[in-house]
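> If you look up TrEMBL, you'll see Ser9, Ser15, Val16, Ser17, Met76, Tyr77, Asn78, Phe79, Ser120, Arg121, Gly122, Gly123 marked as FMN binding site. Positions annotated as domain 'Flavodoxin-like fold' by TrEMBL: 1-181.
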Amino acid sequence: MTILHVDSSINGDRSVSRALTAATVAHLAALTPSAKVVYRDLGATPLPHLAQIGAGDAGALDEFLSADTVVIGAPMYNFGVPSQLKVWLDHIAVPGKTFRYGANGPEGLCARQRVIVISSRGGIFTGASPYASFDHQESHLKAFFGFLGVWDLRFVRAEGLALGEEMQQKALAAARADIAQLAA
């Protein structure tokens, strides 16, 4: 099994999403000791924006296509994903490789990949929150990976991190409990 570990936070050692992606990868690797882990740090080494069609980073695409499980750290920045994560998505959305157009419209080609998104957020954007409609992070990633044909897409969410120490600790405990439930 190959695990692709992608971090996109610019917060370095203070990043909640980085801590949780590391915990997720460690958990999955412990369940499958023979797993190979490939790491890409988009915060430290961002990919360039696409300048022309077909000029994507072949390494990023190959890493994605070779992975059985992809663990993505996706902090919420301004209600969406970090720009460096959006650029990575642009590099892996390649016609004929990750999707194709057929007689019935687009068809995703990535049904074998499992994607686990570690979502960290300062506020609360789920359920009955008055800010639920502001979420353009998870909705974007659901639509994107659905378009690529990824049917096994899971979210581990740490939400309300900026709402005080008690809320932060509850959110982190809930996220860690969700990570512990993930199977290899």
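Counting starts with 1 at the first residue shown.
Backbone N, Cα and C define each Cβ position, glycine as well.
Because TrEMBL annotations are produced automatically, they should be read as predictions rather than curated entries.
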> What does DSSP call Ser9 (FMN binding site) in the simple three-state scheme?
coil
> I'd like to know which of these binding-site residues, Ser9, Asn78, Ser120, is least surrounded, judged by other CB atoms within 10 A.
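Ranked by other Cβ atoms within 10 Å, the binding-site residues Ser9, Asn78, Ser120 bottom out at Asn78.
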> Which residues of the same chain, at least 6 positions away in sequence, have a Cβ lying under 8 Å from the Cβ of Gly122 (FMN binding site)?
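The list for Gly122 (FMN binding site) reads Met76, Gly160, Leu161, Ala162, Leu163, given in order along the sequence.
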> For Val16 (FMN binding site), what is the secondary structure state per DSSP, taken as helix, strand or coil?
helix
> The record lists Ser9, Ser15, Val16, Ser17, Met76, Tyr77, Asn78, Phe79, Ser120, Arg121, Gly122, Gly123 as binding FMN. What's the largest Cα to Cα distance among them, in Å, rounded to a whole number?
17
> Per DSSP, to which secondary structure element type does Asn78 (FMN binding site) belong, with helix, strand and coil as the options?
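Reduced to three states, the DSSP call for Asn78 (FMN binding site) is coil.
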> On the 0 to 100 scale, where does the mean pLDDT of the domain 'Flavodoxin-like fold' (1-181) fall?
94
> List, in sequence order, the same-chain residues at least six positions removed whose CB sits under 8 Å from that of Val16 (FMN binding site)?
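Counting only residues 6 or more apart in sequence, the Cβ neighbours of Val16 (FMN binding site) under 8 Å are Ser9, Pro75, Ser120, Ala158, Leu161, Leu172.
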